[in-house]
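Engineer: I have a structure I would like to understand better, so I am pasting it below and will then ask my questions one at a time.
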Amino acid sequence: MKSQKTKTGRKRNASPRQSEPVEVYCRIRPLDDPNEPGCVNAIGDTVVQLLPPENAVGKNGQLKEYQFTFQHVFDEFASQKTVFDYIALPLVEDLVAGKNGLLFTYGITGSGKTYTMTGRPEDQGILPRCLDVIFNSIGQQQASKYVFRPDRLNGFEVQSEADAMLERQKRDIMPNLTTPSKTSLKKMDSCDTERITDVTKVDTVEEDNNYAVFVSYIEIYNNYVYDLLEELPYNAITGYKPPQTKLLRTNASDNMYVHNCTEVEVKQPQEAIDVFYKGQRRRKVAHTTLNAESSRSHSVFNIRLVQAPLDDRGEQVVQDPSRLCVSQLSLVDLAGSERTNRTKNSGDRLKEAGNINQSLLVLRTCLEILRENQKTGANKLVPYRDSKLTHLFKNFFDGDGKVRMIVCVNPKVADYEETIHVMKFAELTQEVVTAKSEEMSKFDIGMTPGRRRMHQEQLDKMEPIGVPIFPAVEFTVGPPFPLLELLNPTDDMTIRNIVLCLTERMKRKREMAVDYERSCTSFRSQLLELEQNYIQARNRLQEVEERSALKEKEAARLDSKNKSLEKKLEERDRLLKDLEKENQLLSLQVQDKAWKIQVERNAREKLRSDCQNRIQMNNQAWEKNLEKARRKFEVEAECKLDERDRKLEMLRDIVNENECATPLLRSRGHPQPTPKPRTYTTPAALPSARSESDMTSVGSSTIASSARAATGRIGNTRVQSRNTVRIPAAKSITNLDLAGVTPSISKS
């Protein structure tokens, strides 16, 4: 429940923040039996020695003595006053100076932690002494009750003296006017043991500030946070309802606090102690084997000191929340660690012990990781959130206040093993370093110092109430009576004097009656005038109230209109935001479609270029194929021509056999026919760019025409070849088939 520290008005020093270690102190509890041997001894003011018991068995049969060093060691003879002055008094001084502090007691069960924190009425502990010193220090500089008011968000509000007086009447005076109940009468009749107060006083109190003290009391039970000062609703049938768990939250300054926790403003130390014991009665305490009243939860008693400067006249607090300075002192009584084999716990006690040990283990883990990060420069995550205890005081370990720990030790031999673990944890804690709280200068808000003192001097100079300003007026009714004693019966002088005196007194009485009537008439007229003035003033006041009511109605109407306009404006803003979101969505859709179109266009362009490349490749392939077919055809035609020539050679040989008949024919006068030369045609070149069907048709027709042209007709012709022969006509040879070539031989 870290406080929100509002230190506006204080000037920070420009020097960088320094660091300081967590201060750990050791206190040794006295043994119940002084003759019983112990295992813990104090060696000097800073060293503690642990002696193993006689029946202990060490490693390898060897026993080892331990020595641990602390900031200070308090032996079993140290008083509560000594412990307070050495450990807690500096934290109270820091609290008055506007700094935070954390003090917690640690140890095994039955080691004296609760006694060190609370003590007894005749020998007060740290907590009551802190309250005594705080109220002794602020003295008459306390603000009126309810001038500072908690806002339930870990902050405070400032009220004027008039508002605070109205709230006092509403909350304190009016409820007390009812008939007291039997419970309250019983409470009034009961009285606690008279306690001995601490008279120590802190001298660093700011003279021109007003102070207020707020206390709260919570407990962490089974890793749940409960408010011990919360008013529980009562039902006549079911009784008091169980308390609700509280949540941990952070304020605007990232400080942890318990949300919706009850904070009580106290004006005296005894009032704060009564509040403490009220919560103490609801704290979870149970009987165990090792302790008759063992704490089953971690308790946190917070003291928050609120201070604010006075105005320029030194009468009231400045009505500005930013001028507040809130400091906090947290006093934590940790539950003791337990071993099940010693306590023999079961059921709820076993569950409570497991949660206590788990929270203490998380505290140790957090301190170990902090020490490792500080020594090695690592940046490991500290698991504050694993336990409500460490999560609540996270800001203290991050440097938001001074941290001190009191290790309470029971020197019993039976607690030797657990005491070693406690000492090792304390030694580890001393190696953790926190950021030192920054020094704050005095409040400097541009006003004259000593305002309170000057205002008090002016009040002392004024005459006290009840002393008359004008001297008293003596009223006499005539002259005093003369001597009334008659010395003889013939004493006429005395009787005459008495008659003159009575006559004068009667005359004076009548004058006084007339004056009285005149005064009454004047007073009556003045009273009537005052009454008329009062009636006129009341009428004017009614008129003012009517005008004020009209203005309030007008203000309410304008306020409602303003709210409706603000609502419409919010709706339009919401509509505008929706339209902007829709516009953004449509823009994204347009961009997406444009991107898809561009991608499709690119794909089509790529497909077109691929098709053109394929067509070119196909054309080139067809040209190559046609060239191959042409060459193949030429080779085949050449082969056929060679075959025909061979056959013609054979034919020539046959014809030469009949040469003998040739002169006979010549002699008879028949002319010899002239043979026609042999000719053939080759296929013409085809165009390079044609379709596949055109190329196929052109190729087939060209090959057919080339074949027909190459074969020709053989008749009575002259064949031109590599060996040209002349073939005469012969009647005996007709229609000779030459391997597919059919020459026609005509008659001569």
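Backbone N, Cα and C atoms are what each Cβ position is placed from, and that goes for glycine too.
Here TrEMBL flags Gly107, Ile108, Thr109, Gly110, Ser111, Gly112, Lys113, Thr114 as ATP binding site. The annotation coiled coil is assigned in TrEMBL to 527-632. Under the heading compositional bias 'Basic residues', TrEMBL lists 1-14. Annotation comment: TrEMBL describes 21-432 as domain 'Kinesin motor'. Residues or ranges marked as region 'Disordered' by TrEMBL: 1-21, 664-698.
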Engineer: I'm checking region-level scores; what's the whole-number mean pLDDT for the coiled coil (527-632)?
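Structural biologist: Across the residues of the coiled coil (527-632) the model's pLDDT averages 90 on the 0 to 100 scale.
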Engineer: Would you find the one among the binding-site residues Thr109, Ser111, Thr114 whose Cβ has the most company, meaning other Cβ atoms within 10 Å?
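Structural biologist: By the 10 Å Cβ neighbour count, Ser111 comes out on top.
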Engineer: Which ones in the same chain are close to Gly107 (ATP binding site), with CB under 8 Å and 6+ residues apart in sequence?
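Structural biologist: In sequence order, Lys113, Leu334, Gly336, Ser337, Val407, Cys408, Val409, Asn410, Val422 meet the Cβ cut-off.
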Engineer: With Cβ-Cβ distance below 8 Å and at least 6 positions apart along the chain, what are the contacts of Gly112 (ATP binding site)? List them in sequence order.
Structural biologist: Arg27, Arg29, Cys408, Asn410
Engineer: What count of other C-beta atoms do you get within 10 angstroms of the C-beta of Lys113 (ATP binding site), across all chains shown?
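Structural biologist: Here the count is 25.
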Engineer: Ten-angstrom check, please: count other Cβ atoms within 10 Å of the Cβ of Gly110 (ATP binding site), all chains counted.
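Structural biologist: The answer is 21.
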